[in-house]
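Undergrad: Not my notes, these are from TrEMBL:
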| type | residues | note |
| --- | --- | --- |
| DOMAIN | 32-486 | domain 'Major facilitator superfamily (MFS) profile' |
| TRANSMEM | 29-56 | transmembrane segment |
| TRANSMEM | 89-106 | transmembrane segment |
| TRANSMEM | 118-137 | transmembrane segment |
| TRANSMEM | 143-161 | transmembrane segment |
| TRANSMEM | 181-198 | transmembrane segment |
| TRANSMEM | 210-229 | transmembrane segment |
| TRANSMEM | 289-313 | transmembrane segment |
| TRANSMEM | 325-346 | transmembrane segment |
| TRANSMEM | 366-384 | transmembrane segment |
| TRANSMEM | 396-415 | transmembrane segment |
| TRANSMEM | 436-455 | transmembrane segment |
| TRANSMEM | 461-482 | transmembrane segment |
Amino acid sequence: MARPGSRTSATTNSDARIQQYPGKTTRHVFFSSVVAICSALIFGYEIGISGGVTIMGPFLEKFFPKGYRQELGTDSVNQYCKFNGVTDLTLFTSSFYLAALLASLFASSVTGGFSRKLSIFFSGVVLLVGAVISGAAKNVMMLILGRILLGIGVGFVNQVVPPYQSEIAPYKNPVILNIKFQWMITVGIGIANVVNYGTNKINCGWGWRVSLGLAALPALFITISSLFLPDTPKSIIERNNLEKAKEQLQRIRGVVNVNDEFDDLVADSEKVKQPWKNIMMDMKYRPHLFMAILIPFFQHSTGINVLLFYAPVLFKSLGFGNDASLAYVMIMGLVYAFFMFVAILFLKSEDGRKRSRRNNFSNGSILLFIIQVAVGGFLIMYKLKFETHSTNRNGLAVALEMCIYVGIFAMSWGLTGWEVLSEVFPVEIRSAAQNITVSVNMLFNFIIAHLFLNMLCHMKFGVFFFFAGFVAFGSIFLYHFVPETKGKSIEEMGRRVWKQHWYWGKYIPDDEELIMSGNIQWGTAPRC
């Protein structure tokens with residue numbers, strides 16, 4: 001859902017770099033952008049598509065007959081538990097994220113042993129095979145195998161593509177690259193919801209095959225585009241071939257004078273020796289490690305992925321029919337993508353650059369908390385036993401609140417969470433921090449996907465209060481432990497800002513603060 005860029009965003013030569021090739025886009029940059037778009041789209045598509053197909057009658061009847069009987073009401077079951085207790089159905093959703101988690105843990109080492117280009121090609125092939133198997137599935141095992149392969153492919157592309165794009169693209173703010181990647185994920189979710197709404201109307205009962213099989217299109221684009229991708233200069237530098245790396249950088253940029261950027265890449269490469277050892281063992285990186293874990297954790301604890309994974313199930317439980325459920329899910333997905341787009345436009349504006357990250361978090365948390373409590377209270381007040389009909393005004397009110405919820409999340413936690421994660425990691429630990437962030441995302445995706453139906457069955461409307469409590473807890477954490485990153489370079493965030501923090505400052509040695517204040521320079525002894 002992950003993903004800081006892989007090179008520094010604040011260097012002394014940034015202005016000179018931009019002047020060397022202002023806005024120049026070579027074919028290498030173009031194909032890297034295509035791959036980034038398709039990899040984000042397919043991740044978002046798989047997030048959105050699974051919830052929609054799980055309420056399609058022909059799909060349930062073929063693969064999950066128990067869930068089909070419960071959904072029809074022929075088996076006596078509490079309305080909150082319509083989809084609970086069907087282990088294979090839960091595994092259909094959660095296996096994707098479990099596979100993505102395991103793949104993300106191994107992706108960095110595999111990429112280091114080969115190249116990012118080959119890793120992207122491998123990801124595309126696995127995604128393509130997984131999509132074909134899913135769409136052509138004849139039994140549950142074949143269906144879950146397809147989901148596992150899709151998860152493996154997504155785990156790899158989430159670890160490989162964002163760093164590749166940041167290394168290959170002309171010098172820009174990596175925060176914007178990262179946020180755009182996240183936005184394309186939301187677009188993929190919106191596309192999946194639109195597809196599900198359309199395929200549900202196919203009368204012959206094979207609409208679900210179209211929904212699952214269409215993931216082959218972006219997978220095919222990734223596979224083909226990867227054949228035209230060059231190796232990145234940074235990866236060539238890491239293999240100690242500086243002359244070839246500079247020639248590659250000149251070809252990618254389309255100009256001869258790339259000295260400033262090349263010097264920066266070499267300097268960065270010299271810093272990045274043991275990123276995993278640094279972030280795990282060196283105490284001065286303890287604040288960064290906690291940010292890489294806790295910010296994604298609290299993002300998921302808002303309950304956003306419940307709506308992204310299981311919104312069709314929730315709407316169906318509210319009493320809406322299939323068409324109405326998928327229609328509201330489609331609207332919700334489009335709202336999510338639209339507000340994320342608006343947030344990106346604001347981020348790129350002058351006012352957006354000046355805004356407080358902490359305030360954006362806090363304001364969003366307050367609104368998300370209010371809506372979660374309002375939904376839970378609404379269900380109690382009107383005694384909604386999830387036995388209403390699609391025309392019931394109470395159900396429509398809850399659906400509207402859910403749409404507002406995803407819009408607020410997109411402009412607060414959805415945007416600012418990844419923005420902060422793009423700003424706090426210094427170059428010497430950034431690759432390891434990125435891997436941790438992606439893996440934590442996949443871990444909590446899996447947990448939520450695997451447990452939510454059981455939570456809904458046992459907690460009923462209390463599940464909304466549960467996530468409201470975590471929103472409140474997360475806002476307290478942010479207020480006390482996440483420093484303000486507005487206007488701070490990555491170099492400042494690396495040391496000085498943490499040193500000045502009331503809690504994290506104890507982990508930063510005093511000489512690190514002197515270095516960042518300019519009293520001494522890296523690699524020199526303090527003056528007497």
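Placed from the backbone N, Cα and C atoms, the Cβ positions cover glycine too.
Buried or exposed, and what's around them? Tell me for each listed feature.
TA: Listed by sequence, the residues of this chain that lie at least six past the ends of the transmembrane segment (143-161) yet keep a Cβ under 8 A from its Cβ atoms are 1-3, 35-36, 39-40, 42-43, 46, 50, 63, 88, 91-92, 95-104, 107-108, 110-111, 116, 119-120, 122-124, 126-127, 129-135, 137, 181, 212, 215, 219, 222, 434-435, 438, 442.
Tertiary neighbourhood of the transmembrane segment (210-229): same-chain residues 27-28, 31-32, 34-35, 38-39, 41-42, 45-46, 49, 52-53, 117, 120-121, 123-125, 127-128, 130-132, 134-137, 146, 150, 153, 157, 164, 168, 192, 195-196, 199, 202, selected by CB-CB distance under 8 Å and a gap of 6+ residues from either end.
For the transmembrane segment (366-384), the list of distant contacts is 302-303, 318, 394-395, 397-398, 401-402, 404-405, 408-409, 412-413, 461-465, 467-468, 471-472, 475: same-chain residues at least six beyond its ends, Cβ to Cβ under 8 Å.
Within its own chain, the transmembrane segment (436-455) is flanked in space by residues 1-4, 83-84, 89-90, 93-94, 96-98, 100-101, 104-105, 155, 158-159, 279, 289, 292-293, 295-297, 299-301, 305-306, 309-310, 313, 421, 463, 466, which lie at least six positions past its ends and keep a Cβ under 8 Å from the stretch.
Remote same-chain residues near the transmembrane segment (461-482) are listed as 290-291, 294-295, 298, 301-303, 306, 357-358, 361-362, 365-366, 368-369, 372-373, 375-376, 379-380, 384, 420, 452, 455, 501, 503-504 (criterion: CB distance under 8 Å, separation of at least six residues from the stretch ends).
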Undergrad: Grab the pLDDT values for the domain 'Major facilitator superfamily (MFS) profile' (32-486) and give me their mean, rounded.
TA: 83
Undergrad: May I ask for the residues of the chain that lie six or more residues beyond the transmembrane segment (396-415) and have a Cβ under 8 Å from a Cβ within it?
TA: 179, 182, 186, 298-299, 302, 304, 307, 311, 314-315, 318, 320, 328, 331-332, 335-340, 342-344, 347, 360-361, 363-365, 367-368, 371-372, 374-375, 378-379, 384
Undergrad: Grab the same-chain neighbours of the transmembrane segment (325-346) for me: Cβ-Cβ under 8 Å, and only residues 6 or more beyond its ends, written as numbers and ranges.
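TA: That would be 48, 51-52, 55, 176, 179-180, 182-183, 186-187, 189-190, 192-194, 196-197, 200, 307-308, 311-312, 315-316, 352, 355, 399, 402-403, 406-411, 414-415.
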